[in-house]
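All remarks here apply to the structure that follows.
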Amino acid sequence: MNIPQALAKVVDNIDLSIEEMRDVMGQVMTGGATDAQIGALMVGLRMKSESLDEITGAVMVMRELVTGVTVENRQYLVDIVGTGGDGANLFNVSTASSFVAAAAGAHVAKHGGRSVSSQSGSADLLETAGIALDLSPAQIGQCVDNVGVGFMFAPNHHKAMKYAVGPRKELGMRTLFNILGPMTNPAGVQRLVMGVFSEKLCRPLAEVMGRLGGEHIMVVHSKDGLDEISLAARTHVAEFRDGEVKEYDLTPEDLGLGSDSLVGLDVTDSKASLALIKDAFGKRTTEAACKAADMIALNAGAAIYVSGITRTHKEGVSMAEDLIHNGEAAERMRELAQFSTALKVGDESH
């Protein structure tokens with residue numbers, strides 16, 4: 001199916017099949033579509049609302065074209081990632097949570113990019129923390145195996161996405177591409193906590209991940225609009241495991257913590273985000289740092305649970321709290337900075 005044929009169906013509100021979507025996305029991701037065609041397709045799908053088959057077909061193509069990362073020790077292998085686009089400008093909750101999950105014994109293959117909609121994307125934060133990003137796939141695998149966490153900078157692994165960069169920027173709106181990245185982990189992670197920008201995406205994305213080999217998936221969106229588990233409101237969850245999706249709402253109280261407002265958790269840039277995370281991982285000198293620690297525990301607890309380390313999310317949160325308070329999460333962040341920098345320096349000296 002060519003792109004004009006696909007567009008004709010989409011504008012008539014007709015869903016594409018998995019195979020049709022694979023055809024179309026194959027063209028988009030190999031340079032066979034013009035910017036106007038890519039933009040029209042993205043807007044048309046958004047207006048129609050992307051179907052399960054369309055999302056599945058698109059994810060399949062992206063996974064086929066990804067530059068992969070090999071992780072030797074795949075026990076408790078997990079990612080915690082958000083689509084972004086919630087407009088809240090919070091500190092990097094999922095990135096901070098990945099260090100806590102690593103301290104718990106998970107292997108976190110963290111996938112992310114630069115800021116798209118927030119003030120500080122995960123790559124911006126890690127760079128500010130002195131963590132080397134421009135590592136080879138083999139070196140990233142070494143980080144995950146040795147430190148328990150490695151960061152995969154999305155543009156280095158999704159070269160095929162370059163064809164959509166122009167249209168995405170010019171459209172300035174959320175499209176299918178915001179969803180695809182988090183579902184296409186270069187290390188082939190099948191245990192995932194994924195925050196999304198709309199509650200109506202929770203169930204379909206959990207179902208798609210399940211279709212495509214997912215083992216344990218939590219897709220979350222909070223009632224106050226975050227692509228995270230919120231400290232300030234109920235969070236809707238679609239959880240896939242054992243072949244089925246269950247939907248439910250969670251509160252911080254369900255997980256053993258008290259609710260609190262998000263005041264003080266928004267940041268202006270990656271330096272402010274890092275300062276807040278370091279304080280949360282350290283002495284917690286401000287009310288905001290205490291709240292940040294709780295927010296991280298809620299989300300890291302989900303990753304610890306989904307990785308298979310604990311039997312329940314609540315047990316994961318309790319473990320996360322301990323690791324934040326005893327300094328082990330901060331230590332893991334330092335270790336990744338040292339280990340990744342040593343790999344980079346080793347490269348440059350050859």
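Each residue, glycine too, has its Cβ placed from N, Cα and C.
According to its DSSP assignment, G82 (anthranilate 1 binding site) is in a strand. Around G82 (anthranilate 1 binding site), a 10 Å sphere centred on its CB holds 27 further CB atoms from the protein chains shown. Feature annotation from Swiss-Prot assigns anthranilate 1 binding site to G82.
Taken from Swiss-Prot, the feature 5-phospho-alpha-D-ribose 1-diphosphate binding site covers G82, 85-86, 92-95, 110-118, S122. There are 28 other CB atoms within 10 A of the CB of S94 (Mg(2+) 1 binding site), with all protein chains counted. S94 (Mg(2+) 1 binding site) falls within a helix when secondary structure is assigned with DSSP.
According to Swiss-Prot, the Mg(2+) 1 binding site annotation covers S94, E228.
Annotated anthranilate 2 binding site per Swiss-Prot: R168, in sequence order, evidence recorded as sequence analysis. For R168 (anthranilate 2 binding site), the same-chain residues lying six or more positions away in sequence with a CB closer than 8 A to its CB are M42, T175, F177.
Within the same chain, residues at least 6 positions away in sequence whose Cβ sits under 8 Å from that of E228 (Mg(2+) 1 binding site) are G82, D86, L90, V93, S94, G195, V220, S222, T235, M295, L298, N299. Here Swiss-Prot flags D227, E228 as Mg(2+) 2 binding site.
Separation of the C-alpha atoms of T95 (5-phospho-alpha-D-ribose 1-diphosphate binding site) and D227 (Mg(2+) 2 binding site): 13 Å, rounded to the nearest whole number.
Secondary structure at G112 (5-phospho-alpha-D-ribose 1-diphosphate binding site), taken from DSSP and collapsed to helix, strand or coil, is strand. Distance from the CA of D227 (Mg(2+) 2 binding site) to the CA of G112 (5-phospho-alpha-D-ribose 1-diphosphate binding site) is 14 Å.
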